[in-house]
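Q: Sharing a structure, written as structure tokens. Questions coming.
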Amino acid sequence: QASRLVELPYSSSDDDDGSLAGDTDLPTAEQDPGVPCPVPPKLSTFSQCVRYLAFLWNLLFLLLGLLALAVGVWGLLAKGSLRGDRLAPLGSDPMLFFVLVGLGASVVSLAGCLGALRSSPCLLRFFVGAVLAFAGLEVLGGLLLLVVRHRLRDALRDALLLCLLRYQEEPDLQFLVDEVQRSLRCCGLSSYRDWETNPYFNCSAPGVQACSVPASCCVDPWQNGTIANTQCTFGVLRLGDVAASTIVHLGGCVAQLSTWFREQAGTIAAGAAVLVLVEAAGVLMALKILRDIAPIEARD
């Protein structure tokens, strides 16, 4: 019995040695912690240049988007469109266009900046998808304009009529109408007498502007060649066409704008093509970065 009791620890030690010996079958990397882990391949010089160029590219459009957003918010605050009693006409405010465009451009450009800087596949895919969506909307809008190009004259007339009726209510529309009439040397829609539909310029209006048209219709809007004459059109609607022709432009702006759009069709098409090329360049750079980080994702 005594010898048997002595042998028991000996046999258990043999088992322990066997178990320890079995531990030697572990992988070499786990046995030796000093073995270095695989290092991701270093990006080429071209890939690094593309990454930095994509970052600067998106940073530029981020700044432009923030500028447009600031202009839109400033315009809404300056006109009080964000007050509680002015929220109803907010949807028709031209400054809302700058806010939406600036906000969209800022968000997409910020995603492109961070995606290029941090090599984030999620942000880069969001950037590519958003730019492709914008490009699709632009192409769809261009095709729609080609389809309904014969109705553009009527749509332009309706837009100008709205501007004419709300001339004193919206400073943005007032600035736009004055610039169009001053640049194209026109007045009203079809003729200068279209301003009679405006409640402030109508001859039955009680104000000093009754039977008048905006000063931007004047043939010579300057007094003594240096001072703007804002009263050059007072009472012009009471005159005949011959007498009024010496004071204001008689022709309307619809025909002038239609002619201007036809003459500038090439410039508009070139601008649209440049915009598409800019968007395509951003997408290609983002796709290049995604292709560079794809092997690292697969190894992880």
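Start at 1 and count along the chain as shown; that gives each residue its number.
In case you wondered, yes, glycine gets a Cβ from its N, Cα and C as well.
In TrEMBL, annotation is done automatically, which means it is predicted and not curated.
Okay, these came from TrEMBL:
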- C187-C203: disulfide bond (DISULFID)
- 1-34: region 'Disordered' (REGION)
- 52-77: transmembrane segment (TRANSMEM)
- 97-117: transmembrane segment (TRANSMEM)
- 123-148: transmembrane segment (TRANSMEM)
- 267-290: transmembrane segment (TRANSMEM)
Q: As a test: from 52-77, 97-117, 123-148, pick the stretch that has the greatest number of Cβ pairs under 8 Å with the transmembrane segment (267-290).
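A: The stretch I would name here is 123-148.
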Q: List nothing but the one residue from C187, C203 whose Cβ has the fewest other Cβ atoms within 10 Å; the candidates are the disulfide-bonded residues.
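A: Comparing Cβ neighbour counts within 10 Å for the disulfide-bonded residues C187, C203 gives C203.
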